[in-house]
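Summarising the annotation, TrEMBL assigns transmembrane segment to 35-60, 72-94, 106-126, 147-167, 195-219, 252-273, 285-306. According to TrEMBL, the domain 'G-protein coupled receptors family 1 profile' annotation covers 46-303.
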Amino acid sequence: MNSSSSDVNQSSSPFCLLGLGYSYNLNTCVLEVSVILFLTILIISGNLVVIFVFHCAPLLHHHTTSHFIQTMAYADLLVGVSCLVPSLSLLHYLKGLDEELTCKVFVYLVSVLKSVSMASLACISVDRYIAITRPFSYATLVTPCRLRVCIGLIWLYSALIFLPSLFGWGKPGYHGDIFRWCATSWQTDPGFSSFIVAVLYAPATLTVCFTYGSIFLICRQHTRKIIQRLTRFGPQGNERGEGCLDKRYAMVLFRITSVFYVLWMPYIVYFLLESAGLYCHLVASFLTTWLAISNSFCNCLIYSLSNSMFRKGLGRLFTSLFSPCLELDCCTEGKKGPLWCHVWRL
């Protein structure tokens, strides 16, 4: 009787990975809920701003990479929305759901969405590499139709590579370990972990390293030639500014990519150590997981701080949102009113 009652109490009590901040009054893991809800609010609000700015700033669409940036923004927005699942679970709003099924579906969805971000970053680096190495044939190589096909393939590929985890082959990540079943009953598999590294992590990382390494080497050689020409013949037009333009834009994208891998590397290392049976710790799984998920907010933050055109679009967005609608017919056709008027009309 005592053992059965203790099992019931254990199953009904919240599963706190950090083991701190448990509130008996609220019957929840306060520290875990605070971290997850804080990141959820940041991710959703940040990526909504990015999406609105791209829709309100037509000049941002001049770069083909904007399509991949928007894809990442939508994927990161869905990550933020999906993070409501563990928050609601810790707050006891999902008691009626099957824990195993909820855990598997949640982990699968978050893994797919982050795979989309990683693959998009790799495609961005390839796009910039083609733009710099083949500037005259770039327009014929990178067409809007091919961009749409590429984005569709990114989503399809990401959905397929994690699909075996739903059918019992391995555990794709620790995003759902706030569920007791995820942490205690769903174990990582070395074969599946090696498969994910081989088809996602390694190709994406090698592609990014090769393309950005080549881009900076080409820009460095180009800048050196321009400096030599300026020294011999003096300044001619905007030659110096044009030589630095590609490098500056590549630096913006390189910062986003670097922060992505910096935040995700502890998670990937822990994932491999856990799969190999070398190290296992609940606190480490929680911290590395939510550090990696925080990248969904960092993407929009870095882009907004690094891209001057994006900052102008952001300023225009806030100006439109907070400027009063003085005329009653501001939302009619042919009139220019605040942004919220047009959103309301849609």
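Backbone N, Cα and C atoms are what each Cβ position is placed from, and that goes for glycine too.
All TrEMBL annotations are machine predictions without curation.
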Tertiary contacts of the transmembrane segment (147-167), as residues 6+ beyond its ends and Cβ separation under 8 Å: 64, 67-68, 71, 104-105, 107-108, 111-113, 115-116, 119-120, 123, 192, 195-196, 199-200
Same-chain residue ranges lying at least 6 outside the transmembrane segment (72-94) that approach it to Cβ under 8 Å: 14, 27-29, 32-33, 36-37, 39-40, 42-44, 46-48, 50-51, 54, 102, 106, 109-110, 113-114, 116-117, 120-121, 175-176, 178-179, 293, 296-297, 299-300
Taken over the domain 'G-protein coupled receptors family 1 profile' (46-303), the model's mean pLDDT: 81
Cβ-Cβ under 8 Å with the transmembrane segment (106-126): same-chain residues at least 6 beyond its ends: 65, 68-69, 71-72, 75-76, 78-79, 82-83, 85-86, 150-151, 154-155, 157-159, 161-163, 165-166, 171-176, 182, 200-201, 203-204, 207-208, 211-212, 215, 253, 256-257, 260, 264, 292-293, 295-296, 299
